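First the structure, in the form of structure tokens, and then the observations on it.
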């Protein structure tokens, strides 16, 4: 899920064989690719004058809706996913707070209207987004250029998400010092999820409408089918901006991702209220997931090459994933532990910490090796790695971490995901939702990458697969 490990944080949800990965999907074929040719340094402004709308519409009229391959089941999937995934979020959040915490109970207990709505939740959500919008535009950190766009332009992005995490942490510590009841977030979980889902829908409508006022080259290839249902879901505009404020990039790693950490802290404080101190299991879950989020934000620049930014339009799929799916389903372990406390032995805790450490090491080292090779193939740390040339001018890594398996970062990710769930014990399935979901997600993502890379690189890809036969798990898969 960290920035360079996924389209990640980029497609990011898999339900009923409808999949996409938000923290770990990369532009097709980039998992083992190096070398991005230099391009012009022009800039593209996403807002244009109204006359361009006519050329946009005319271009659509001459483009068959069958020109672009449709994902996620096409129109049917685009109709069903915006219904079932929000219901899934509400179901999982509700179950995590229930005494039974059973995902197999049917019909599930339905919350009352009072449990679903609290105006304070809407105020907190909008205030949180506003805070991070303010931090986004502050002159903190450096500014980096994204990849070249179809018109030859390159957009600029502020790399200051880690500063946003630090400022948020300071503000939270101040609030705790002043006696703010952060544990009340436990009671607000369902209302917050409802508000996040509602904001996701409204924001997606805005994005779809505004996409008709941009030039055709500013539209995402996959979201420009002419089918309004599918285009609303997948996203028409590639890089929607208000001035220099990039809406997709802002949502990718900031309010939802940092919000996930804040919700976890609220669950820890609720446990303190109930039991006097946080359990070791709760501390581990909070620490592991904070490390993951901090790593993603520290390496924020890497998200500029992920599929979310480079390829996918900004529609309901990514909006909902960023603002609702990630903060409310990735941290189910913490809310589960509030109602279902677990005791860990020293040996058990040490084993789980070691597992998370190994996963993080594999994840970080493999991503760092790949990114260093992309930036400077002559660097001493990567100069000796073996590669295979392709007809496109790119090269495929076949040694180092990327000679072990084709996606070592996915392997590290899965080890960490398992370590997040183990502190919750084995009495319930719910805490393991994330690791199961993520395994399906990454396997689906790997298969999709495989298909695209074989089409793109032909014989070179076949040679690569013979040299690196294992996809994610060495000697297994």
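A Cβ is built for glycine as well, from the same backbone N, Cα and C atoms used for every other residue.
With a cut-off of 8 Å between Cβ atoms, the residues of this chain six or more beyond the transmembrane segment (72-96) that come close are 13, 15-16, 18-20, 102-103, 105, 108-109, 111, 116, 189-190, 193-194, 197, 200-201, 227, 229-230, 232-234, 316-317, 320, 324-325, 328-329, 332, 335-336, 339, 430, 433. Annotation comment: TrEMBL describes 72-96 (among others) as transmembrane segment.
Positions annotated as transmembrane segment by TrEMBL: 116-138 (among others).
Annotated transmembrane segment per TrEMBL: 159-182 (among others), in sequence order. Sequence-distant contacts of the transmembrane segment (159-182) (same chain, six or more residues past either end, CB-CB distance under 8 Å): 131-132, 135-136, 138, 140-144, 253-254, 258, 261-262, 265-266, 269, 293-294, 297-298, 300-301.
What TrEMBL lists as transmembrane segment is 188-209 (among others).
Sequence-distant contacts of the transmembrane segment (314-332) (same chain, at least 6 residues past either end, Cβ-Cβ under 8 Å): 1, 9-13, 20, 22, 72, 81-82, 85-86, 88-89, 92-93, 96, 189, 192-193, 196-197, 199-201, 203-204, 207-208, 220, 223, 231-240, 247-248, 251-252, 255-257, 259-260, 263-264, 267, 285, 289, 308, 430-431, 433-434, 437. According to TrEMBL, the feature transmembrane segment maps to 314-332 (among others).
The annotation transmembrane segment is assigned in TrEMBL to 344-363 (among others). Packing against the transmembrane segment (344-363) from elsewhere in the chain are residues 2, 5, 279-281, 284, 288, 291-292, 295, 401, 408-409, 411-420, 422-423: each is 6 or more residues past its ends and has a CB under 8 Å from a CB in it.
The transmembrane segment annotation in TrEMBL covers 417-443 (among others).
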